[in-house]
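The divalent metal cation 1 binding site annotation in TrEMBL covers GLU95, ASP209. The feature divalent metal cation 2 binding site is assigned by TrEMBL to HIS132, HIS160.
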Amino acid sequence: MFRGCYGGSTKHQADLNIVLDRAWQHGLQKLIVTSGCVSDVDEALELVAKDGKLFTTVGTHPTRCGEFVAEPEQYYNELRSRIKANPQKVVAVGECGLDYDRLHFCAKEIQQQYFEKQLSLAEEFKLPLFLHMRNANEDFMAILERNRDKLKACGGGVVHSFTGTLEEAKSILAFGGLYIGLNGCSLKTDENVEVVRQLPNDRIMLETDCPWCGIRPTHASHKHVTTKFPTVKKKEKWTAETLIDGRNEPCQITQVLEAIAGIKQEPKEKLAELYYQNTEDLFFRKTK
């Protein structure tokens with residue numbers, strides 16, 4: 001989408017550099033590109049090499065774990081080699097985990113097997129985990145529990161784009177060393193809002209998951225958003241000064257902050273500092 005391509009059709013010129021410039025102008029200090037398979041990793045590494053403020057994860061998304069099956073050790077070693085060769089740019093292992101909402105992409109058993117295998121990467125390189133969990137909390141927590149020693153070595157992780165129940169959130173927090181990542185998808189419903197209201201600030205991280213997961217006008221949290229961006233609905237009407245409706249950008253992390261500040265009735269400046277420090281503590285502690 002940041003190349004101007006939607007569903008295989010080009011609608012406007014590539015604008016990733018403009019999107020990144022807009023992010024820095026709105027106060028972002030660093031940006032983590034999320035990878036979901038080996039080919040993602042290679043593209044991400046090429047991108048983040050161009051800017052000292054850009055970093056990436058290395059891992060395989062649960063819906064892509066079928067890529068392990070043909071040559072499991074070779075595929076694992078391809079991930080491993082990317083981490084080993086880029087210690088200054090790779091800040092986490094992931095995106096990895098379980099997704100039972102999209103089993104048509106990859107069966108449960110394969111997801112479980114190769115989620116667990118990737119935990120060895122986190123242990124070896126002492127990297128935190130960028131975790132994905134959809135409708136799979138019991139199995140997800142069971143895998144983490146039986147690999148607790150590996151997680152101690154890696155320093156924990158974040159369960160990103162959280163949309164689960166309060167009970168699921170409590171199980172994640174009770175495990176120890178895990179944060180909960182929140183974006184627009186975490187703030188859709190009244191139930192989501194109530195969960196977020198009860199999360200402790202020292203365990204929260206903000207994210208966009210762009211180009212997905214923006215806060216939409218129909219979301220229960222939208223009433224708390226105060227920062228508005230000039231936006232066009234038709235992609236062909238793109239300009240360098242406008243966002244495209246439905247394509248989330250890194251700068252819109254400001255809106256996630258405002259929504260959570262409104263939900264919790266706390267100053268956004270205070271929360272921004274807390275959540276930024278949480279992210280620093282997990283992903284960038286080795287660079288300090």
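A Cβ is built for glycine as well, from the same backbone N, Cα and C atoms used for every other residue.
Cβ neighbour density within 10 Å is lowest for ASP209 among the binding-site residues GLU95, ASP209. Counting only the Cα atoms, the space from HIS132 (divalent metal cation 2 binding site) to GLU95 (divalent metal cation 1 binding site) is about 6 angstrom. Rounded to a whole number, the C-alpha distance linking GLU95 (divalent metal cation 1 binding site) with HIS160 (divalent metal cation 2 binding site) is 9 angstrom. Taking the Cα atom of each, HIS160 (divalent metal cation 2 binding site) and ASP209 (divalent metal cation 1 binding site) are about 9 angstrom apart.
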